[in-house]
Amino acid sequence: MSGSMSSVFSLLYLLSVCSACYISNCPIGGKRAVQDLPSRQCMSCGPGDRGRCFGPSICCGEGLGCLLGSPETLRCQEEDFLPSPCEAGGKMCGYEGRCAAPGVCCDSEGCSMDQSCVNGDATAFGQPDLLLKLLHLSNHAHPYRLHQ
């Protein structure tokens, strides 16, 4: 009987140790201490630092779209080592995400299509760039057109 009691106590001890914070960027004072710190804007990333980090491997920005797991997102991994939490731009969407690009909602885990990110602030995503993108696409027309 004493062997089973020591096994139970060992299991309870392991459970108490396992309830520790597993996230590499847990703040001093535990998870609840985050509520006391003011949020800041997330780090810039991507080509020319035109984007903002939305997660450890997610970089989104105006006219850039979203980059996932590319070399441009490596800087976003540094965000895990900063003591204060950050808040990416855009309005709230999804479960805990924010609008990252037109029609795209991102959180720290990934991105998904979201209609609530299409409507609303047209200036937040640079609508004037749409004309430039269309002009850019028209320049890539096939050079050998058949004339009838």
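Using the three backbone atoms N, Cα and C, a Cβ is placed for every residue, glycine included.
Between Cys105 and the candidates Cys93, Cys111, Swiss-Prot records a disulfide bond only with Cys93. Here Cys53 is paired by Swiss-Prot through a disulfide bond, and of Cys60, Cys66, Cys76 its partner is Cys76.
When Swiss-Prot is consulted, the disulfide partner of Cys86, picked from Cys26, Cys42, Cys45, turns out to be Cys42. Cross-referencing Cys45, Cys66 with Swiss-Prot gives Cys45 as the cysteine bonded to Cys59, criterion being a recorded disulfide.
Taking a C-beta cut-off of under 8 Å and a sequence gap of six or more, Cys66 (disulfide bond) has these contacts in its own chain: Phe54, Ile58, Cys59, Cys60, Ala100, Ala101, Val104, Cys106, Cys111. Among the disulfide-bonded residues listed (Cys45, Cys86, Cys93, Cys105, Cys117), Cys45 has its Cα nearest to the Cα of Cys53 (disulfide bond). Among the disulfide-bonded residues Cys42, Cys76, Cys93, Cys105, the ones whose Cα sits within 10 Å of the Cα of Cys99 (disulfide bond) are Cys93, Cys105, in sequence order.
When Cα-Cα distances from Cys86 (disulfide bond) are compared across the disulfide-bonded residues Cys76, Cys93, Cys117, the shortest belongs to Cys76. For the pair Cys105 (disulfide bond) and Cys42 (disulfide bond), the Cα-Cα distance reads 16 Å.
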